[in-house]
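Student: Sharing the features that TrEMBL gives for it:
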| type | residues | note |
| --- | --- | --- |
| BINDING | Cys31, Cys33, His55, Cys58 | Zn(2+) 1 binding site |
| BINDING | Cys44, Cys49, Cys72, Cys75 | Zn(2+) 2 binding site |
| COMPBIAS | 77-91 | compositional bias 'Basic residues' |
| DOMAIN | 28-78 | domain 'PHD-type' |
| REGION | 1-27 | region 'Disordered' |
| REGION | 77-97 | region 'Disordered' |
| SITE | Tyr30 | site 'Histone H3K4me3 binding' |
| SITE | Met41 | site 'Histone H3K4me3 binding' |
| SITE | Asp45 | site 'Histone H3K4me3 binding' |
| SITE | Trp53 | site 'Histone H3K4me3 binding' |
Amino acid sequence: GSFPSDTPFKFGEGSELAEGQTADEDSKPYCICGRPSFGQMIGCDDSECEFEWFHLQCLGITGTPPQGDFVCPTCRTRRARGSRKTSKKKGSAGGRG
């Protein structure tokens, strides 16, 4: 007997991915260049970063990556523009009542 031509069989499906890794994660674009993960990378510590991971060479970082918290240039610019929401509430305790 032979298999009918409409048999839903896919040979080797998912076998090339590492355990716990999805196809989306593997091909997800990283960095400002939009390419996948390769070489040495650094993660942005800003929780609202649209890229999260960056290739050191794309950021112009040579040698040892920066230690401690790292915020990418994109997030630094965004913070400088939008996060100047300084609250001007003065603690005036002498209210009515």
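Just so you know, the numbers here start at 1 and follow the chain as drawn.
Including glycine, each Cβ sits where the backbone N, Cα and C put it.
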Student: Cys31, Cys33, Cys75: which of these binding-site residues has the sparsest Cβ neighbourhood within 10 Å?
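Tutor: Across Cys31, Cys33, Cys75, these binding-site residues, the one with fewest Cβ atoms within 10 Å is Cys33.
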Student: Nearest to Tyr30 (site 'Histone H3K4me3 binding') by Cα, among Cys49, His55, Cys72, Cys75 (binding-site residues)?
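Tutor: Closest recorded candidate to Tyr30 (site 'Histone H3K4me3 binding') by Cα: His55.
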Student: Please give me the CB contact count at 10 A for Cys49 (Zn(2+) 2 binding site), counting all chains in the structure.
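Tutor: There are 16 of them.
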Student: Report, as a single number, how many Cβ atoms besides its own are within 10 Å of the Cβ of Cys44 (Zn(2+) 2 binding site).
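Tutor: So the number of other Cβ atoms within 10 Å of Cys44 (Zn(2+) 2 binding site) is 20.
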Student: What is the set of residues, excluding Cys44, Cys49, Cys72, Cys75, whose C-beta falls within 8 angstroms of the centroid of the C-beta atoms at the Zn(2+) 2 site?
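Tutor: Once Cys44, Cys49, Cys72, Cys75 are set aside, the remaining close residues are Asp45, Asp46, Glu48, Glu50, Phe51, Glu52, Phe54, Phe70, Val71, Pro73, Thr74, Arg76.
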Student: Show me the subset of Trp53, His55, Cys58 whose Cα is within 10 Å of Cys44 (Zn(2+) 2 binding site); these are the recorded positions I mean.
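Tutor: Correct set: Trp53.
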Student: Including all protein chains displayed, how many Cβ atoms other than that of Cys58 (Zn(2+) 1 binding site) lie within 10 Å of its Cβ?
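Tutor: Summing over all protein chains shown, Cys58 (Zn(2+) 1 binding site) has 17 other Cβ atoms within 10 Å.
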Student: Among Cys33, His55, Cys72, these being the binding-site residues, pick the one whose CA is nearest to that of Asp45 (site 'Histone H3K4me3 binding').
Tutor: Cys72
